[in-house]
Amino acid sequence: MIKSCELCGIEKPAIKRPKTGQGICKPCFFSAIENEVHETIISSNLFHPGEKIAIGASGGKDSTVLIHLLDLLNKRHNYGIELHLLSIDEGIVGYRDDSLVTVKRNQEVYQLPLTIVSYSELFGWTMDQIVKKIGLNNNCTYCGVFRRQALDRGARMIGAEKIATGHNADDIAETVLMNLLRGDHFRLGKSTDIVTGEEGDMPRCKPLKYLYEKEIVLYAHYQNLDYFSTECVYSPNAYRGYAREFLKDLERIRPRAILDIIHSGEMLSVSAPAPAKMTCERCGNVSSNKICKACTLLETLSKP
Amino acid sequence: MSVHIAFSGGLEDLFNKQRNLTVPLESQLTLKQLVFHLKDRYLQTRPELFMSGDSLRPGIIVLVNDMDWELCGKDDYVVQDRDAISFISTLHGG
Ligand SMILES: [Zn+2]
Ligand SMILES: [Zn+2]
């Protein structure tokens, strides 16, 4: 058993970092996390002075830690960016309504503006209504496609230049694996990019890309951050669930596995032509087909 | 002897929505044995979200008196009287 922090040698250790295997104390852990995210922001040139950044805020652990860190680092290092919380209300009673209460409490704590856009105002359907209509088979596809467009439209609505999301290292490793398992080589080539979105798209960035889920949860825990942690009432995609369990099993044996998968993804050069970019004939949003995915799904829903 | 147990990150939903429990113990247990004890005596639903095979499900973080259990022997740690043990799930949405 380690008696004292392997960095400062003084305090009682609180966490074994998955990345380094070192046992470190709370103060050393906080500075390590804050410095690493700052380095990621600087080395990838994520933000520019004067930019307005929409933070995708779900009330969950990742986005709560993202809000906390961006607010703290923006003040500490004078990024000169304006932060604006952006939440999506999918219309899931007993899940999203509760998590939005958490977002509102955090809005008070950090004194940041908050905009909520809902599926019902953008698409005319709530997820509850969609599940009633189509059942529990394809619902996550609908939700994913709608969320993507809702975040884009919400960010444009508030005049943001960029969206920041709370994706962590475990999420990115999972996405690499999922794209591999689905044979989606175009997405596979982009799955580890820290900034995504070509011309016309709203750029998205992932400042927590190199933080382990464990680090995010313990950062939130030790900082007493207020986050919401209930599973979505509509059971998630089983295929993704297996990938996630597989990664957690690997991580238990060898924590480096997560970063190594991300590294493999970064080193991949995938020769897949980017799908052509056009404007959806129906809604005018960026699309890779004449009719965008959201409009195609809406059409399916409107059939009796 | 007894220990204080805290559940968070969604695990409380498996334990009758209780975030805190005081668990009396008749004999000294290792953390691994404590996990079984909690499953047998207190878990209300979906054991597969708490355990996988014969151990705690990967993705659940354990803190012993606010210290990462990976720093104090994990499964083999011998639980002491009045220990505060937190189980935090990392598996719920972000
Ligand atoms: Zn230290
Ligand atoms: Zn469209």
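Cβ coordinates come from backbone N, Cα and C, glycine included.
Because TrEMBL annotations are produced automatically, they should be read as predictions rather than curated entries.
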From candidates A:I33, A:I81, A:I88, A:I194, TrEMBL puts in the same ATP site as A:G56, A:A57, A:S58, A:D62, A:G166, A:D171 the residue A:I88
Provide the list of binding-site residues among A:G56, A:A57, A:S58, A:D62, A:I88 whose C-beta sits under 8 Å from chain B at the C-beta level, in sequence order; use 'none' for an empty result. A:S58, A:D62
Taking A:D62, A:D171 as the binding-site residues to compare, which has the smallest set of other Cβ atoms within 10 Å? A:D171
Need the DSSP three-state call for A:G56 (ATP binding site) to compare against my parser. strand
List, in sequence order, the same-chain residues at least six positions removed whose CB sits under 8 Å from that of A:A57 (ATP binding site)? A:S63, A:T64, A:I67, A:L85, A:L86, A:S87, A:V103, A:N106, A:L114
